[in-house]
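Chemist: Okay, here's the structure, questions in a sec.
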């Protein structure tokens, strides 16, 4: 008979750890029953499907909080029950830490930015700055911000378009603007349907006449130059190397012959007359002065500019000279010091000037990003030429008269055909502004110098740079070829020196130190006997070869 544990008197509640004591009225003691075999508690079967593992956060694992006991229950610590609770844990029992949440927000923001950049990269954004401004205006955005550059403005437009594209508004806005443009263009076509415009800007009749005159002049000069070159090549008595060696020896013997104070202010330009009997200089005081050669004695002062003078040059044909100034004008003077004409039209200060080889035209460069061609006889502006993205500084005419080279602060030198008005060469190579240019008398070499301290020699036939001369330790202010045959080249620099270079292999021949400040300009006399340099130290220095000085002394003694 089974014992009913629930109804037995001994089944009263007894505290844990205490034993029951039988009383007198208790039932007879029965023999002890054999206890059943101890069976270990059954282990819950493992689930067939492994529960999904919660994603591991980037910084620290989620904190597991056990359920809070209710109604005074005390949860016993039992490893088996812990495992069972782990297996039945739900997602609601996980709590993300604040640090992990911030990390996730940063990741989502970075992903959104990446997608925005990818979308922006796929959009077509105009490259022209004016088109970028127009597009910004159409989208209702400011066309420029304070201190914003062109590339920054274009990138801002790209991001604005990408944002609108992500919001689904870009196509709608662009479509509305296209419809407006189509309506405006349709009206314009109705008004101007019979008007045909040329693809070029028509110049005055005087410019056409000047182009024809320049073409006729250049044909004769080019033919004479080529004939002379053929004769030197074919004549067995002509020894080119010997001539060049003699000229380079003369240049190597250059010594300082004379030094003269030129003005109270720094000097900015100098030029020899065509016969070499006069020297012209200009300074920051705005005054140009004429000096007699070879003793550099003052002859006259040319006063007329209201601002500093930037350059001076003699005509290659007549006894005339021209000056340029920061007052935006160029002036034409006679050799006796009288003012003949004033050329006004530039919108900013002038830099360098040069006469056309025919002596009929004057070229001027300016910080208004243009160079201009003037008629000497009438004082009329024949040509206003654009083409540089920044200020134009240097100008030089080809000896044939057919070409002109301009260079500027955009680190570019351009060669223009005066007969057609076209830019035939864009010489890229300098990494900083180009300040000086000079054509060689051989007809196919062009020298340029600039703020990158180098002088480059360009071959117009090959349309590339032949030599790069690391000429000075500071910027090169001017370059000049020897005017007869181009046997040597002179560069002046802000490192307070001028240097002579071989026209054959462009190796150094002679350094001309002596100035105490930066050298701003230099020139070579027509016969190649003298070199003059001017500087911010206010001095004019005249350099001659030693044997020339001896010949002059012999002539004076004989006289």
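Even glycines carry a Cβ here, placed using N, Cα and C.
Where the annotation comes from TrEMBL, it is an automatic prediction and has not been curated.
As annotated in TrEMBL:
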- 75-88: compositional bias 'Basic and acidic residues' (COMPBIAS)
- 127-180: domain 'Pre-mRNA processing factor 4 (PRP4)-like' (DOMAIN)
- 1-37: region 'Disordered' (REGION)
- 64-92: region 'Disordered' (REGION)
- 302-334: repeat 'WD' (REPEAT)
- 343-384: repeat 'WD' (REPEAT)
- 385-426: repeat 'WD' (REPEAT)
- 427-468: repeat 'WD' (REPEAT)
- 469-511: repeat 'WD' (REPEAT)
- 512-543: repeat 'WD' (REPEAT)
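Map these features onto the structure and tell me what's around them.
Modeler: Look at the repeat 'WD' (302-334): DSSP puts its residues at 0 helix, 19 strand, 14 coil.
Through the fold, the repeat 'WD' (343-384) approaches residues 203-204, 206-207, 210, 213-214, 217, 221, 307, 310-318, 320, 322-332, 390-401, 404, 406, 408, 418, 421, 436 of its own chain, all at least 6 residues removed from its boundaries and within a Cβ separation under 8 Å.
Confidence across the repeat 'WD' (385-426), taken as the mean pLDDT and rounded to a whole number, stands at 95.
Listed by sequence, the residues of this chain that lie at least six past the ends of the repeat 'WD' (427-468) yet keep a Cβ under 8 A from its Cβ atoms are 222, 225, 229, 352, 390, 393-400, 403, 405-415, 474-486, 489, 491, 493, 501, 503, 506.
Listed by sequence, the residues of this chain that lie at least six past the ends of the repeat 'WD' (469-511) yet keep a Cβ under 8 A from its Cβ atoms are 243-244, 247-248, 251-252, 254, 394, 432, 435-442, 445, 447-457, 517-524, 526-528, 531, 533, 535.
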Chemist: Using DSSP, what is the helix/strand/coil residue split across the repeat 'WD' (427-468)?
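Modeler: When I sort the residues of the repeat 'WD' (427-468) into the three classes, I find 0 helix, 24 strand, 18 coil.
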Chemist: What counts of helix, strand and coil residues does DSSP assign across the repeat 'WD' (385-426)?
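Modeler: Secondary-structure composition of the repeat 'WD' (385-426): 0 helix, 24 strand, 18 coil.
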Chemist: Looking only at the repeat 'WD' (469-511), how are its residues distributed among DSSP helix, strand and coil?
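Modeler: Looking at the repeat 'WD' (469-511) with DSSP, the answer is 0 helix, 23 strand, 20 coil.
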